Amino acid sequence: MNMFNAHIPSYLVPKNLNSNWNVGFILGILLILQILSGLLLTFFYVPCKEGAFESLSRLVTETQFGWFVRLYHSVGVSFYFFFMFIHIIKGMWYSSKYMPWSWYSGIVILILSIVIAFTGYVLPDGQMSFWGATVISNLLEWFGKAKVITFGGFTVGPETLKRFFILHFVLPAVVLVIVLLHLYFLHREGSSNPLTLAEAVALLKFYQLILFSDVKFLVIISMFIGPQVGYGIWTLFQADNDNSILSSSENTPAHIIPEWYLLLFYATLKVFPTKVSGLVAMVVVLKLLIILVESRSKSQAVSTAHHHRVWTTTSVPLVPALFLLGCIGRMVINLDLIIIGIYGVLLSTTFVQKLLDSSRVRA
């Protein structure tokens with residue numbers, strides 16, 4: 001209880017926090033809701049080729065409020081990643097890279113969340129899910145037995161659904177443990193604030209004022225989640241229409257489009273000519289976020305010129321460059337898009353390298 005009291009209600013935070021610091025709380029609540037809705041779905045889902053698609057169809061049409069649980073679990077992951085990307089951008093903007101263990105644990109949460117989302121994307125056994133999994137399975141041909149171990153065979157089949165179901169069930173528990181570590185490292189080093197990473201003089205307890213601010217923000221977000229679940233207002237957060245069709249290995253979709261939060265990594269696979277080069281590019285994009293923490297200067301974090309921040313000419317274009325790659329992931333690929341995509345990857349790596357160089361100069 002003393003540890004809980006020290007890390008939650010009695011935890012001291014800077015007095016000048018703004019709404020950007022509500023996002024971490026929102027992410028925790030969304031993660032818990034995803035786990036709870038997923039547990040409810042496990043009572044009805046059948047992880048086999050013959051029953052996966054049909055079991056979810058029966059859940060939506062024949063079970064009371066089954067449609068709500070199914071759609072919330074599908075839509076909730078989009079909101080989860082939306083706020084996670086905002087949380088990452090906020091960390092870059094407000095120099096959270098100066099808290100390396102919090103940054104590293106956050107990146108691990110991101111990577112595991114991507115794996116969980118992809119395995120969950122495959123489980124409904126829809127047309128787009130099947131062919132999306134086929135694309136990834138083809139990439140693993142270079143890893144020999146890793147492909148058979150992961151997919152249960154040389155192609156996507158019944159064993160794939162069973163293994164992905166186990167991963168999708170177990171990995172969220174791992175994420176919860178890392179989230180606790182993330183909170184521990186954050187509270188050990190102290191929260192950042194909009195002005196500086198130096199220890200703030202004006203502090204207040206997390207409970208009541210800050211907690212009520214988080215809850216107020218959560219209520220506002222729920223006003224967007226409800227209409228999205230019921231009416232699908234934002235098409236970007238909705239699944240592709242082809243995923244409402246039972247998968248068929250004989251009919252290939254005209255254009256494979258994964259969920260929007262996977263578009264950045266899918267684009268890096270599309271714009272490079274070979275599987276190996278595309279896979280390397282995808283790893284490089286993830287590596288960019290990891291090595292950002294190495295751009296922290298050894299000098300004091302306080303600077304009236306804000307040199308400790310990343311809003312310099314070499315780093316601000318990083319987010320638009322990655323956003324451009326995500327847009328390419330939704331388009332039918334052609335030579336022009338390939339050139340633009342390759343330039344986007346090169347520009348992103350250049351921006352991060354410049355950021356590292358400038359930090360060495362300042363240090």
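Heads up, the Cβ atoms here are built off N, Cα and C, so glycines get one too.
These come from Swiss-Prot:
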type	residues	note
BINDING	HIS73, HIS168	heme b b562 binding site
BINDING	HIS87, HIS182	heme b b566 binding site
BINDING	HIS187	ubiquinone binding site
TRANSMEM	23-43	transmembrane segment
TRANSMEM	67-89	transmembrane segment
TRANSMEM	102-122	transmembrane segment
TRANSMEM	164-184	transmembrane segment
TRANSMEM	210-230	transmembrane segment
TRANSMEM	271-291	transmembrane segment
TRANSMEM	309-329	transmembrane segment
TRANSMEM	332-352	transmembrane segment
*Under a criterion of three or more Cβ pairs within a distance under 8 Å and sequence separation of at least 6, are the transmembrane segment (210-230) and the transmembrane segment (67-89) in contact?*
yes
*Going by Cα-Cα distance, pick out whichever of the binding-site residues HIS73, HIS87, HIS168 is nearest to the residue listed as 'ubiquinone binding site'.*
HIS87
*Cα separation, HIS182 (heme b b566 binding site) to HIS168 (heme b b562 binding site) (Å, whole number)*: 21
_Counting other Cβ atoms within 10 Å of each residue's Cβ, which of the binding-site residues HIS73, HIS87, HIS182, HIS187 comes out lowest?_
HIS187
_Whole-number answer please: how many Å between the C-alpha atoms of HIS87 (heme b b566 binding site) and HIS73 (heme b b562 binding site)?_
21
*For HIS182 (heme b b566 binding site) and HIS73 (heme b b562 binding site), determine the Cα separation and express it in whole Å.*
24
